[in-house]
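Peer 1: Please read through the structure below; I'll follow up with questions.
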């Protein structure tokens with residue numbers, strides 16, 4: 001095994017930023033893994049909420065893309081990618097749509113907090129490129145995602161979820177089923 005040679009392209013890229021990017025990559029991959037678990041839970045024959053499954057599968061792919069974008073940045077800046085083990089989701093049974101949406105909301109807020117801390121680190125290390133990258137590619141999208149999930153949680157509660165199975169069915173069919181046409 002060869003040791004990594006020093007980068008020719010590295011400039012104004014602090015080691016703390018490099019390490020924080022590697023941690024963010026892991027967090028984005030973890031989020032992707034959680035959403036993948038949610039997707040296939042809702043795809044089960046005894047749950048059968050196909051639009052919840054599609055929604056969470058889409059979220060999983062987005063989180064993986066976020067990780068890949070950070071990997072590309074790491075290479076562009078002359079950093080080195082060090083992947084860590086991805087923690088398994090805290091549960092395998094997501095119980096119902098409301099619970100899954102609440103967990104997703106909590107997850108997105110955690111990812112957002114980590115991005116805000118990464119932005120602060122980049123500011124402290126006087127790295128305008130990293131600040132701009134995070135602002136351009138992540139922060140606005142996180143805020144939109146948090147708002148969307150918050151709206152979903154509110155609407156599911158208003159419809160009587162989780163006590164009413166009909167609420168989840170209607171939400172799956174009419175809200176998530178029509179989301180392909182919006183975005």
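Yeah, the Cβs are placed from backbone N, Cα and C, and that goes for glycine too.
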Peer 1: Of the candidates 18, 63, which one does Swiss-Prot list alongside 108, 142 as binding Fe cation 2?
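Peer 2: Answer per Swiss-Prot: 63.
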Peer 1: 63, 66 bind Fe cation 1 in Swiss-Prot, but which of 28, 95 does that record place at the same site?
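Peer 2: That Fe cation 1 site, as Swiss-Prot gives it, pairs 63, 66 with 28.
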Peer 1: Near residue 108 (Fe cation 2 binding site), which residues of its chain come within a Cβ-Cβ distance under 8 Å, counting only those 6 or more away in sequence?
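Peer 2: Within the chain, residue 108 (Fe cation 2 binding site) has Cβ neighbours under 8 Å at 31, 142, 145, 146, 149.
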Peer 1: Let me know the DSSP-derived helix, strand or coil state of residue 28 (Fe cation 1 binding site), please.
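Peer 2: Once the DSSP labels are grouped into three classes, residue 28 (Fe cation 1 binding site) ends up as helix.
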Peer 1: Write out how many residues of the domain 'Ferritin-like diiron' (11-160) are helix, how many strand and how many coil, based on DSSP.
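Peer 2: Residue counts in helix, strand and coil order: 114 helix, 0 strand, 36 coil.
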